[in-house]
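As recorded in TrEMBL:
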REPEAT    81-104  repeat 'ANK'
REPEAT    231-254  repeat 'ANK'
REPEAT    416-436  repeat 'ANK'
DOMAIN    507-617  domain 'PGG'
TRANSMEM  515-538  transmembrane segment
TRANSMEM  559-580  transmembrane segment
TRANSMEM  592-615  transmembrane segment
TRANSMEM  622-649  transmembrane segment
TRANSMEM  655-673  transmembrane segment
Amino acid sequence: MERSETRGTPNERLEVLKARYVSTPDNQHQLEDGDLNKIMDRELYEATKKGNVEEFINALEKVSESRKLALSLIFYQVTPSGNSLLHVAASSGNDDVVEFILNHFPNTVTHRNSSEDTPLHVAIQDRRLDTIEKIICLGTDSEIIYLKNKNDESPLYLAIEKCTWSECQDREGAGWGILQLLLEAFARDEAYAVKIQGKSPVFAAIKKMYTELLREIIDRLPKLLHVRDSNRWTPLHYAASEGNNEAVELLLEKCPYLALQTDKNGSYPIHIASERSWSGVIDPLLKDTWPDLAEIKNNKGQNILHVAVKAGNHSGVKSILKECGETNTEKMVNSRDVDGNTPLHLASIHNHCYVMYFFKPLLKDTWSDLAEIKNNKGQNILHVAAKARNDFGVYWILKECGETNTEKLVNSRDVDGNTPLHLASIHNHCDVMRILTKEKRIYLKSRNNDGLTALDAAMESKSLSTENPALIGRAILIVAGVPQSGGRDVMLPREQHSEVSKSSPAKWIKDQVNILLLVATLVASVTFTAGVTLPGGYNASSDPHPGTATMLHHRMFRVFVIANMLAMYSSILAVVVLLWGFNRDFYVAELAYHLAGPLLLMALAGMSVAFFAAITVAVSKLTWLGSLVMSVGVLFLVMVVVVLAALIFPSSKSTMYIVVFYYIVITVVEKFVDVVRDFVEKFVGVVQDFVDVVQDFVEKFVDVWARVCYSTRCEIVANTVSDQ
């Protein structure tokens with residue numbers, strides 16, 4: 001005690017330190033980045049955290065003496081995360097040290113750490129109520145309450161984030177006290193709405209779903225309703241985005257004008273709600289935005305129905321069509337954006353099949369001639385669905401639009417003269433091509449402005465590559481009877497041929513030789529193994545003919561031996577021929593590739609025959625199973641031979657191969673897809689009806705429950721009053 005009296009008070013001792021070493025331009029460079037003197041002394045850090053002013057002064061004296069530093073430079077020292085002495089004291093809640101620092105070095109209140117947090121931010125994060133009060137009262141810079149950190153959070157925004165639900169409900173606790181301090185500080189400044197940086201505190205209250213706190217903020221700081229973020233969003237935009245229907249209703253109550261404010265994309269709050277699939281938010285906005293909702297458009301010319309359809313918001317679409325009335329609905333469904341697309345165009349483009357069901361009642365009443373509803377490219381809804389590969393949309397449109405509309409839709413041309421089939425062919429959308437070619441009213445010989453049929457367009461397509469020859473798509477068109485202009489090879493489109501000619505033929509041949517060599521080697525290995533492990537095994541040494549095959553006299557066993565022998569020798573010969581494919585002479589390699597193809601075909605066919613012959617021998621005692629094995633084996637043998645023949649024997653007259661391939665493979669797939677589509681359509685219809693029933697039930701239940709709660713509350717209040 002005597003020592004502290006002889007040395008003076010903390011304030012006197014600090015004044016002595018200030019005069020001991022004075023900061024000059026010559027020693028100021030000591031605190032540049034990378035200098036050890038910029039890192040806070042460990043003992044000084046510990047003393048600041050403890051909060052004892054005497055120990056803090058002792059540490060300051062020790063650092064000043066040992067490092068020969070001016071006191072002002074010591075207060076510029078930081079921790080590795082950039083925290084100053086005031087940051088450390090504020091985080092620890094050491095109010096005496098905080099007050100001491102602010103009295104002597106008030107400018108440190110604006111220092112920022114690596115996260116750009118001021119000491120006030122740090123105190124709020126650690127919920128230091130008394131410390132925050134001292135910083136606000138003693139800090140010389142009144143702008144401290146408006147500064148944002150790296151996350152664009154002002155102190156008030158951060159305080160709302162840190163406040164708990166119970167503190168807001170009970171209106172007590174450290175979090176609530178911090179909020180009150182900051183709200184009072186804001187309210188004392190008339191220019192708070194202009195000075196505040198970063199995200200609006202109103203956004204934080206909306207995000208946390210603190211409706212009562214939001215109400216208090218609006219009542220005390222009403223100008224914050226007009227503060228926008230970097231996207232020009234108002235609080236109502238943010239509430240619509242978060243799906244906070246209570247906040248939406250409150251904001252509309254306090255400032256209905258917000259419903260007509262747009263962001264930087266020209267979107268109104270109701271556009272945001274429609275995009276984010278918040279049906280509970282859409283309903284109040286529908287009533288309070290504007291009488292004629294068809295006029296509410298963003299910078300893309302899209303109304304709320306456009307936005308909801310594009311986002312696949314089926315509940316929003318349902319609410320809009322239900323609440324807008326007949327006149328508004330007709331305007332919105334026929335409205336076009338800057339690209340000329342109606343809402344049904346967007347549903348067709350984005351493959352939102354569930355949304356399309358809501359337009360079903362409008363197809364005949366609202367659009368009398370769907371083929372006339374075109375975008376800026378002259379494309380109707382079938383064009384855009386075909387181009388977007390929306391096979392379900394194409395199927396649904398053809399089914400629901402009626403005979404007259406369907407005939408016009410499938411044969412309609414865009415500005416380039418392309419029909420929906422042309423667009424599907426250009427982009428190689430096989431499922432769409434298959435659906436369109438099955439339509440009886442389609443004119444398959446239609447040509448576009450370049451004089452190309454759909455088959456010509458498929459072969460001219462620049463989207464095709466050598467890795468994807470798109471045989472299936474052209475097979476669909478050929479089988480359907482789409483004509484082809486003369487001089488074109490169906491198997492190799494002109495664009496493809498150009499690409500092949502530009503690439504290295506030698507490299508392509510080498511790659512094919514490697515693949516065939518691998519396959520031929522595998523076939524030789526399999527057939528050799530089958531040859532030495534015969535079906536039925538060998539006769540034992542005690543038998544009349546030891547070492548011979550036990551099934552030697554069975555007819556199918558002979559078939560097995562012959563087929564397996566042919567397969568093995570063909571594959572071995574193919575391997576030998578393919579070895580010539582590694583010759584440096586390109587023509588020798590190409591000849592080896594073409595010679596090996598038929599040999600490999602024979603080997604694979606022989607291996608298939610040998611396999612089903614061996615199985616037949618094994619099950620020969622069971623007649624029906626033997627017949628089944630043989631039938632399946634013959635069927636797949638034919639398929640293997642046909643498909644491999646079309647691949648191995650290329651020809652300019654290849655239409656036959658494609659047609660056979662289509663009928664064998666695609667027809668089976670087509671039947672399966674039709675069954676699945678019918679099932680999905682029925683299932684979606686059932687789900688839609690179920691969702692409608694559940695939604696109606698929930699709405700009625702909530703309404704009844706609200707009435708019961710209200711009645712119960714009234715009874716409680718009445719009983720309380722009567723008791724008093």
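Glycine residues also receive a Cβ, built from the backbone N, Cα and C atoms like all the rest.
Bear in mind that the values here come from a model prediction, so they are computed numbers and not experimental data.
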Secondary structure composition of the repeat 'ANK' (81-104) [DSSP: H/G/I, E/B, coil]:
18 helix, 0 strand, 6 coil
Mean pLDDT across the domain 'PGG' (507-617), rounded to an integer, is what?
78
Using DSSP, tally how many residues of the domain 'PGG' (507-617) sit in helix, strand and coil.
86 helix, 2 strand, 23 coil
Reported in the order helix, strand, coil, what are the DSSP residue counts of the repeat 'ANK' (231-254)?
18 helix, 0 strand, 6 coil
